[in-house]
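Undergrad: Features from TrEMBL:
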{"type": "DOMAIN", "residues": "35-279", "note": "domain 'NADP-dependent oxidoreductase'"}
{"type": "ACT_SITE", "residues": "63", "note": "active site, proton donor"}
{"type": "SITE", "residues": "92", "note": "site 'Lowers pKa of active site Tyr'"}
{"type": "BINDING", "residues": "125", "note": "substrate binding site"}
Ligand SMILES: NC(=O)c1ccc[n+]([C@@H]2O[C@H](COP(=O)([O-])OP(=O)(O)OC[C@H]3O[C@@H](n4cnc5c(N)ncnc54)[C@H](OP(=O)(O)O)[C@@H]3O)[C@@H](O)[C@H]2O)c1
């Protein structure tokens, strides 16, 4: 198979491209998500991902496994020195810890659990518009960045009205908005707003937690068969071609490798359009207007 990315000037391992953000930092387009893996279980999962070539880990305080991620980074040497510099590490603040003082305490704790001096990205996990404290919390985030303990500031689950409100209060657009995004839930209005304001889009649940592997009455399976790849690779390749950052989760080493191996084939325009046409009205996760992940 031809490697269509061979001429890219600089990539992370496994030919994963970097996406340049509005703050100038560069994030590997594929990361490993670690939601719903317990604190002991996450250690071998992160280790196998690093061995496979992942250089981007997407975690959160709310996943209750930061200590395990930290143990994996320490055991593999990715928590310091040159190896640390090669890794993009994201974590998120719990909704219950939003607010200036509580965010400062939470962040210190999180760096300790992760056993690192800095994280590459710190994110607001949910906008909680019914208890809005994002502007106040951002003041602490801004300080972490000035202190050199965070490189990039991001948000998750923000709708345009929340991005607008944050911008009004802080004068800043976040570098990334991490949102639920997969073939059957494409959130085109949110994506368009982000693009217009220079905010990179990061897809969580990029395969709808696995449900989209069977989407479109066999559409994904037919495209997969045509290329000799898996359904997961077809969906993830579609995201890559859209320029979206993705953070698929798998606890299995073989699937982790598969989810990274997306640069030896390309969708035809018709195949890409067939996946575009799978957009639908049903999310797999929660509604940002009402949900809080305490
Ligand atoms: N910011 C937020 O509010 C938010 C919300 C949800 C998720 N996230 C982030 O996004 C990450 C990914 O989302 P997600 O875990 O919800 O869903 P996902 O990545 O769309 O799907 C994960 C599911 O697909 C399976 N899978 C993975 N690779 C596969 C493959 N190659 N073939 C077949 N099945 C495969 C996994 O099973 P196995 O593990 O058994 O392989 C798991 O059941 C999370 O881990 C988290 O980091 C963020």
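Each residue, glycine too, has its Cβ placed from N, Cα and C.
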Undergrad: Can you tell me how far the Cα of residue 92 (site 'Lowers pKa of active site Tyr') sits from the Cα of the residue listed as 'substrate binding site', in Å?
TA: 6
Undergrad: Any idea what the Cα distance is from residue 63 (active site, proton donor) over to residue 125 (substrate binding site), rounded to a whole Å?
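TA: Given the Cα positions, residue 63 (active site, proton donor) is 11 Å from residue 125 (substrate binding site).
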Undergrad: In sequence order, what residues of the same chain, 6+ apart, have a Cβ less than 8 Å from the Cβ of the residue listed as 'substrate binding site'?
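TA: Same-chain residues close to the residue listed as 'substrate binding site' (Cβ under 8 Å, separated by 6 or more) are 60, 61, 62, 92, 93, 94, 95, 156, 157, 293.
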